[in-house]
Amino acid sequence: MGDMDPHIFAVAEEAYKQMARDERNQSIIVSGESGAGKTVSAKYAMRYFATVSGSASEANVEEKVLASNPIMEAIGNAKTTRNDNSSRFGKYIEIGFDNRYRIIGANMRTYLLEKSRVVFQADEERNYHIFYQLCASAHLPELKNLKLSNANDFLYTRQGRSPVIVGVDDTKELCTTRNAFTLLGINESYQMGLFQVLAAILHLGNVEIKDRDSDSSVIAPNNRHLTAFCELVGVTYQDMSQWLCHRKLKTATETYVKTLPRLQATNARDALSKHIYAKLFNWIVEHVNKALITNVKQHSFIGVLDIYGFETFEINSFEQFCINYANEKLQQQFNMHVFKLEQEEYMKEQIPWTLIDFYDNQPCINLIEAKMGILDLLDEECKMPKGSDDSWAQKLYNTHLKTCSLFEKPRMSNRAFIIQHFADKVEYQCEGFLAKNKDTVNEEQINVLKASKFNLLVELFHDEDKATSPTGQVQGTGGRTRLSIKPDKSREKSSKEHKKTVGCQFRNSLQMLMETLNATTPHYVRCIKPNDFKMAFTFDPKRAVQQLRACGVLETIRISAAGFPSRWTYQEFFSRYRVLMKQKDVLPDKKLTCRNVLEKLVQDQDKYQFGKTKIFFRAGQVAYLEKLRADKLRAACIRIQKTIRCWLARKKYLRKRSSAITIQRFTRGYQCACFIRTLYWYMYFSAFLSLVKFMRRTQAATVIQKYRRMYVEKKRYRQKQLLREHKVVIIQKRVRGWLARCWYKRSLIAIVYLQCCIRRMRARRELKKLKIEARSVEHFKKLNKGMENKIMQLQRRIDEENKSVNEKLVGLESSYTVESERLRGELNRLRGVEEQAKNKTNQVTSLLEELEKLKKELSVTQQEKKTIEDWAHNYRDEMEKMVSELKEQNGTLKKDKDDLNRLIQEQSQQMTEKMARAIVQETQQLETDLNEERSRYQNLLTEHLRLEEKYDDLKEAMNVSKPGHRRTDSTHSSNESEYTYNSEYAELEEGSRADVTRGIDTSLTLKLQKRLTELEQEKQSLRNELENKEEQFQRDDAEFKKARGAELEYESLKRQELESENKKLKHNLVEMRQSLLGNAGASSGAPGSPAYKVLLEQLNSACEELDVRKEEVLILRSQLVSQKEAMHHKETMTEPSVYAEDVSKLKDADELKQACIGLKDTNRSAAPDFHKLNEDGELWLVNQGLKETIRLLEHQLQTQRRTYDNEVEALRGELQNVKEENNRQQQLLAQNLQLPPEARIEASLQHEITRLTNENLVRCSTHDLMEQLEKQDRTIRKLKKQLKVYSKRIGEMGAGQTEGQTSPGQMVDEPIHPVNIPRREKDFQGMLEYKKEDELKLVKNLILELKPRGVAVNLIPGLPAYILFMCLRHADYVNDDQKVRTLLTSTINSIKKILKKRGDDFETVSFWLANTCRFLHCLKQYSGDEAFMKHNTSRQNEHCLSNFDLAEYRQVISDLAIQIYQQLIKCMENILQPMIVSGMLEHETIQGVSGVKPTGLRKRTSSIADEGTYTLDSILRQLSAFHSTMCQHGTDPELIKQVVKQQFYIIGAVTLNNLLLRKDMCSWSKGMQIRYNVSQLEEWLRDKGLMVCGAKETLEPLIQAAQLLQVKKKTDEDAEAICSMCLALTTAQIVKVLNLYTPVNEFEERVSVAFIRTIQTRLRDRCESPQLLMDTKMIYPVTFPFSPSSLALETIQIPSSLNLAFLTRV
């Protein structure tokens, strides 16, 4: 097995063989990263030892050793982001063997359990497995008393939000754990006790601690989870709730109880939970070791080390520091064994050897554990009274930052440090280091648990009592009289001094582990993690090589290949391989003998080397020698076996031969005697046979009866005996318990008495000594020496203590008063609660009484129901009266109708005018809001881009600084970038691909992305709202005009309907009366009778018909109200219009009936019950509902009439289109007939495809687009099948024009020719095909390496955009969504990359802004949307995309264009910024105007005389260069206008800001120069034709500031003129200019303070920003108006200079 590929069994076998061969202890060190498989490898190694070696006894020790694995995994393993079964502690298992190398026992040592996981887990992680196993098995009967439920119900198990591991059944795992406990001797009662403690920890985590005030907290009384915790652990609720929220502070003389804030109380609760779990973990480990221990003497052992691997997370704390420290020590041990000791051994033995360099991590270990190292400083800080994490961090910086290169400080943090470990750099956060190193817990909480009635819990904390007892005994024996005042303090002090920190304990245990490993022969198992995603059958080569390099395996391979891994001393070699030597080869000199033998056995002398004391062998040579030795021994064994077997076989043969002869002799004699005896007895046998048969049956019956009776009696005896034994056992138990207690009491009394006697004897002896010393003269001298000074000092000290005591008494009195007031308030509150409880009791009784009353009222209501049914007979008379009243109302409604018609005619004109004005105002307001939202959106987009660039810079810096191991952030949300739209394309960089999906791990970016989405939705809603308002206005205007023409006809029709309906009413009334008179019996009026039904039907019909007449007037009134409201609220509609829209959807009479019933329901409080129509007011409610129904029906009639007119117009249009299509078909047919026969088929096919495409585009606005696409696909598939049919028809048509019919020969020959005639170049469709592997080359040649200057000068503008779109068209044509996605993503990312690389070059930015906009316009123009196809030619419409809707990508490209635009503005700003102040302010454009400096000012160092000074002409030339560059690149004119507007805003803002900050510029002459410069800028705008772009308006503040410098500034009229003139300037800017105004000559005067105050008074009411300076960084929101291209795609030619020969024209 050792010659096979690396396997865990091979390593275990090698360790086992070396232990047996060399008789030396072995160790297997399993190492690797978290999740690499260390725990599983260790289990397999232990399984191998258990299987191969067996057990030395019948106790199944090997099974117990294996049974410890599920227990330790349950309590020590948990799910992490890297591993579903990660060991959160380290363990070293020593498997003991006897002298025959069989397992006799084992021992386990653990290291640094991760206690913090008990109370906190990160996302996608779990707590320890045992908690989830208990929650999953909570339904079991034996676990019911634990009061557990689902894991999501407990705080300690739901924080990771991943309670389930895929493929793991926690219920089955608990069964395995319990079986392992049983196998190791932990009985059922102890198991239930362990589960009880674990359940108590879960309940303790759910205890909710609330704030009482800022300095105290409280637990609500009768907290369910705290009650469960106290019941499970056997403590009192009051004590536990008290000490969870309080702590005890001890001073020199007194003890205080201090309240804890909620946060500290919560931390104390979590610390208690961690402490209990740690005690439980240690208890289980201790009992597992007891179960695995044996009394047999151990001969040797093999240790298996399974310890945590190197870890680095996003946030690394004390646990990761200790884990990585342990890995550093293990790596050092590995280096010592493999590298350092190995090479030192070669040098010592003087073997020719070239040293191999390797990484020595001793400096890193010194940094951690040396004197004044990190651990020493941490322990020192823990001893400080006010030590904190921040002060410890400062000590680390001061000590190691400048002295150790492996220690670094992060740039952006003062509470973290970085250590360069052997595997990677790790940044540790200092927060929590001191608390975790101290590992403190509230002592009073521990005392409460020690007083528990739960024996197992007391046993868990028993070791703490043992730890403090030696200290107490020492204090009691020495110096008792002097220290009797403060015994508790001394004991606590000594215990604190003896308590070691967690770091110190871990360092000591790690040192012991290293000593153990160094005393054994190590074997290394390096576990390599294949990938970081816990995916099966997925191998990441880079990660594997990184791990191999980090753990030193590559250097190990080099040493193994070049070194001598095996070695023997000369004596050992001679003893081992003596069997391979002949007698003549053995010489007195052992070294010479070994040399001679090796030269004979191994021919290649390079395979071994002779040292001074040892022989060194290459890899595999010892195995070869072992094979020779085994063969020699095997041959000798075979020879010995052959000789012995021969001797044994000969001896056995002789013995068998002698025995056979003897047997034959006696057998023959016996046969003769039997024959004679048979003849003699044969006569007696027949008589005796019957007697024997009878005797046999009798005996069988007796035996059966005996056993039956025995079974019955035995069963009865056992029942009685068991009952007696049970009673005897109970009696014995009670008696033995009583005897044990009596003996215990007697022993206790005796021990106490004995202690008293001994102490009394010692006290007497001490007293005698003291008396003797007191009588001596020297004693008195010592006492009196310096006594006076001591008395004075003591007196002063007493006075000071009295003062402090008095102050404390005053403070205590005040605190006592406050506490008394609080308790009184609490008492009053409790009394109020008691009163409320009494009131609730009274309310219950009152509710019961009210229930009885309701029952009585129910019986009364039933009686009233009967009376109401009797009253129904009187309803007939009331109905007749109601009919007459309705007739009168009908007449009044007709009059109201005429009046309303007149009012409608008068107000229609007014409504139209007001609506038009309101829509104009609303449109302007919406445009303003839209610009503001667009500006905010683009600002957020800029911020997002800045954060992305910052993230990329940080990522590159991390890649440069961290080439090694990197851990993926567990809390990382892996949100995909909004620019990729869920595409997973790889960005090209030096031929390699890297994931473009970015996730900004800051909350700000997430908020920005969310805000971007909301703004986009708001922007779209505003656009839709604006379009809806315009369409609504047009529609209302058109409907109003049509409605007026139809109203006159409608009124005449209604008059006729009124007359006919009145006749129907009279007829129905007569029928109703006849039915009533004809059925006047006793039962005729009862509900449900035929007469009653007829009555109800007639009533309903009469009410409906009458209400129709009344609602004719109401509908006109409602229309008037609707028109008024539409004029004021254009977004809302009146109730009739809403109803009309709903009624227009009802197509038949049944639906109309349902609508009428629904309207009745809305106007009544109860459902219409025809048996209760005789209630008051019911008929009126029905009448109102019928009015609404009639009104809706009238509105529906008008709507249907308008719909009918629209349909007629549409049909006429379609008829005209059909006629035009017919004419076009005839023309096309005539043209086809003139073509040659081989071109007819192709032309007809092309025409059919074009016709179907046009039909599809025309109908897509009225029919479902998906249905049309399916029809088109089916039609296209049929075209190929019908090719021959079309060719025959075309041939027949052509022949019909000439001869009337076609000959058969032509029909056969026509379809043959088109196959052989290529027409690819003629039918170029404007598409470019490329292979997927050429995509990188396409992007590289077309974007990354393209020079804008050459393209702009020599080629058509926007050529890269056209080429990319033609490639995209082909991907859409072949319906390859992956190709479309990757092409768009790579294009976007490449443009970003080139802009990031050359973002300061204006020409590059302008070039890609123009191409990005052109690409965006192409996506719109050929998208297939009618809104973008208006300006297309028919050929361009054929080039539209057919398979994919790229609306989302259009938005992404639009955002990219916004980013490029902002980059362009920044680039221009950087170029213009140095020119503006010099050219606009300092340079004297008009010579001689500013020749005189303002008086009283210090002369500035002017740069006007310098050669490099910028002038106004420099600015104008630069603006012209910008304009010409953008025009050459084909930038849209509208976009150029926006750029120019932004340029002029920058010029105006910078000039005005400098004017406001420089006093020497505020003069009359400077104002004149500014106005002249502005006029030159306006002249430039006129020359370029850009006066309407809004650039002039951006200079308005500067123009007004120049005017302000030139106007008069004395009188109130001047102030009024200034206020009316300077509308673009703020009050602060106007006042600042006036304050800075400085006269240049004697004709000017300074502005008076009174005048400035007048200006401030007049401008006080302005609502404006108080900001003085203009924002020069403000960028106007940019828009990209749609600009279609008239260039046909099929006419574009690709020049060879672009190196795009791999593109194929399609």
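Glycine too: its Cβ is placed from the backbone N, Cα and C atoms.
Noted in TrEMBL for the protein shown:
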{"type": "BINDING", "residues": "Gly32, Glu33, Ser34, Gly35, Ala36, Gly37, Lys38, Thr39", "note": "ATP binding site"}
{"type": "REGION", "residues": "467-500", "note": "region 'Disordered'"}
{"type": "COILED", "residues": "777-957", "note": "coiled coil"}
{"type": "REGION", "residues": "959-981", "note": "region 'Disordered'"}
{"type": "COILED", "residues": "1005-1075", "note": "coiled coil"}
{"type": "COILED", "residues": "1183-1235", "note": "coiled coil"}
{"type": "COILED", "residues": "1262-1289", "note": "coiled coil"}
{"type": "DOMAIN", "residues": "1385-1661", "note": "domain 'Dilute'"}
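All features noted in TrEMBL, drawn onto the structure.
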{"residue": "Gly32", "record": "ATP binding site", "contacts (Cβ under 8 Å, 6+ apart)": "Lys38, Gly309, Arg526, Cys527, Ile528, Lys529, Gln547, Cys551"}
{"residue": "Ser34", "record": "ATP binding site", "contacts (Cβ under 8 Å, 6+ apart)": "Thr80, Arg82, Asn83, Ser86, Tyr308, Gly309, Phe310, Glu311"}
{"residue": "Gly35", "record": "ATP binding site", "contacts (Cβ under 8 Å, 6+ apart)": "Thr80, Arg82, Asn83, Ser86, Gly309, Lys529, Lys534"}
{"residue": "Ala36", "record": "ATP binding site", "contacts (Cβ under 8 Å, 6+ apart)": "Gly309, Cys527, Ile528, Lys529, Gln547"}
{"residue": "Gly37", "record": "ATP binding site", "contacts (Cβ under 8 Å, 6+ apart)": "Cys527, Lys529"}
{"residue": "Thr39", "record": "ATP binding site", "contacts (Cβ under 8 Å, 6+ apart)": "Glu73, Asn77, Asn85, Ser87, Asp306"}
If you take the centroid of the Cβ atoms of Gly32, Glu33, Ser34, Gly35, Ala36, Gly37, Lys38, Thr39, the listed ATP site, which other residues of that chain have their Cβ within 8 Å of it?
Asn83, Ser86, Gly309, Cys527, Lys529
Count of other CB atoms lying within 10 Å of the CB belonging to Lys38 (ATP binding site)
25
Return the average pLDDT for the coiled coil (1005-1075) as a whole number.
62
Tell me the Cβ neighbour count for Glu33 (ATP binding site), meaning other Cβ atoms within 10 Å of its Cβ, over all protein chains shown.
27
